[in-house]
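Undergrad: As annotated by TrEMBL, transmembrane segment applies to 15-37, 80-100, 156-177, 184-203, 235-258, 270-289, 301-320, 332-357, 369-395, 402-422.
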Amino acid sequence: MVSSDRINENPTRKILGFGFFVQGFRCFPWMAVNFFLKDGLNVDPSTLQLLQNSANLPMVAKPFYGVVSDAVYISGQHRIPYIAIGALLQVVSWLAVATLSPSSMSIYTFSLFLLLSNLGASIAEVANDAIVAEVGKQPTSSSKSSQSSSSGELQAYVWMASSAGGVLGNLLGGIVIDRTSPQTMFLFFGLLLALQFFITLTVRESSLNLPKSTANAGIIKQLSELAVVLKKPEIAYPIAWFAASYAIIPALTGTMFFYQIEHLKIDSSVLGLSKVFGQAAMLLWSIIYNSHLKSVPPRKLISAIQALMAVLMISDVLFVKGFYRNMGVPDSLYVVIFSGFLEVLFFFKILPFSVLIAQYCPPGCEGSLMAFVMSAIALAFIASGYFGVALASYIGVTGNNFSRFPVGLLIQAVCTVLPIYWSSCIPDDVKSKSRRKKE
């Protein structure tokens, strides 16, 4: 384990820790976005989910941001400047929606600023992920076997920072959502991003001890190298499976949000507590993974998470049918514990998968490859969201008619199980393959 003294002395961990904390804290304004769309712009569940997923379209272009970050240096730096640019774009977008008059805010204007915000977040995340990949691959001692441990520790560290931001963001969001306007929440987050921007400007990339590059690779060459890497079966197959395992699931998050708020009359503070519970579970997951599960074969671990997701979706079917309510379990308790856990369980797979890909990532391609992975995941989530909208429309679920909602949840659970049958695309033992390569 990495000692606390070492964490405090390392500027890399400081900049990554704060960056991933802010990244996790993005749930704070996005909680306000949901209520602003529902109450301020009066959108229906399908439109809400369409807007949420469409706002993530800038995430799909992450490979391009990664290639640019790898190849184009700004003042001799190719990570820190992009974090600053990403933070600045987010500052502009959130402060704009915070200061514009609500009466003059159309759904198209609001969506445009959400796209700008996610563009900035994407650029910053790509740079942060590239730093994690670069630093995590460097051995922390003379022993080469420490490389895998170092990668897992750094991944778990930034995961914990992001989870901590998520816990605090959801906790504060649940508390203040009924006490202040969404635009006040947008303003607060915009100021936090401004702080990140100015802190980033004070950091010189040379202090991060990143691998040296003798010359700028050039965008065309970087794209060619990325294409070569993506042709390797040990990289292409896991990425394809991982993206498909999300895309095949019809997301019904917008419908569930309306069901809980409009049909069950769940208080918004309960939804905040649900998200806090979920983020706390994610934080605990990162600790457990780093301490006990790094040696578990990736295929076995990721498949187990996929199966658990399906089980909890079946539980949601029983919840909507009133099974737990008839047993004396309050709806609010189920929402806090089970709904909160299922929401973050979708992301549990990302930690072991990121460690897996980072170990296969060749030198000089960290930014573009990790960006491609995150882009594939983002595209899969968008496809999942559109799939969910189509499913809700097909079965006739609307903002005031949830009679066939259990059918949609059951279909969702069945789709979640399917990827397990071709999980052989995921390497079963990374360490043994690494040893064979060295030999």
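Placement of Cβ uses the backbone N, Cα and C atoms for every residue, glycine included.
Just so you know, TrEMBL annotations never went through curation; they're auto-generated.
Neighbours and distances for these, please.
TA: Only residues 6 or more beyond the boundaries of the transmembrane segment (80-100), in the same chain, are considered here, and those with a CB under 8 A from a CB of the stretch are 15, 19, 22, 29, 65, 68-69, 74, 109-110, 113-114, 116-117, 119-128, 183-184, 186-187, 189-190, 193-194, 196-197, 200-201, 203-205, 208.
Sequence-distant contacts of the transmembrane segment (156-177) (same chain, at least 6 residues past either end, Cβ-Cβ under 8 Å): 2, 7, 13, 16-28, 31-32, 35, 128, 132, 184-185, 268-273, 275-276, 278-280, 282-283, 285-287, 289-290, 351.
Here the transmembrane segment (270-289) has long-range neighbours at 24, 27, 31, 152, 156, 159-160, 163-164, 166-167, 169-171, 173-175, 177, 257, 260-261, 332, 335-337, 339-341, 343-345, 347-348, 351-352, meaning same-chain residues at least 6 beyond its ends whose C-beta is under 8 angstroms from one of its own.
Beyond its flanks by at least six residues, the transmembrane segment (301-320) meets 242, 245, 256, 259, 293, 331, 334, 338-339, 341-342, 345-346, 348-349, 352-353, 402, 405-406, 409-410, 412-414, 416-417, 419-420, 423, 426 of its own chain at Cβ-Cβ distances under 8 Å.
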Undergrad: Should the transmembrane segment (369-395) and the transmembrane segment (235-258) be scored as in contact, given a threshold of at least 3 Cβ pairs under 8 Å and pairs 6 or more apart?
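TA: Counting Cβ pairs under 8 Å, at least 3, so yes.
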Undergrad: So what's near the transmembrane segment (332-357) in sequence-distant terms, Cβ-Cβ under 8 Å and 6+ beyond its ends?
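TA: Distal contacts: 151-152, 155-156, 159, 235, 238-239, 242, 245-246, 253, 256, 260, 264, 266-267, 270-271, 273-279, 281-282, 285-286, 289, 293-294, 296, 298, 301-302, 305-306, 308-309, 312-313, 315-316, 319, 324, 369-370, 373, 377, 426-427, 430.
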Undergrad: Six or more residues beyond either end and a Cβ under 8 Å away: which residues meet both conditions relative to the transmembrane segment (235-258)?
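TA: Residues 34, 38, 44-46, 48-49, 52-53, 229, 271, 298, 302, 306, 316, 339, 343, 346, 349, 353, 356-357, 360, 369, 372-373, 376-377, 379-381, 383-385, 387-392, 397, 399, 402, 405, 408-409, 411-412, 415-416, 418-419, 422-423, 425-427 contact the transmembrane segment (235-258) from elsewhere in the chain.
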Undergrad: Excluding the flanking five residues on each side, which residues at least 6 beyond the ends of the transmembrane segment (15-37) place their CB within less than 8 Å of a CB in that stretch?
TA: 43, 47-48, 51-52, 80, 83, 87, 94, 107, 110, 114, 121, 124-125, 128, 131-132, 154, 157-159, 161-170, 172-174, 177, 182-183, 185-186, 188-189, 192-193, 196, 199-200, 203, 208, 257, 268, 271-272, 275, 279
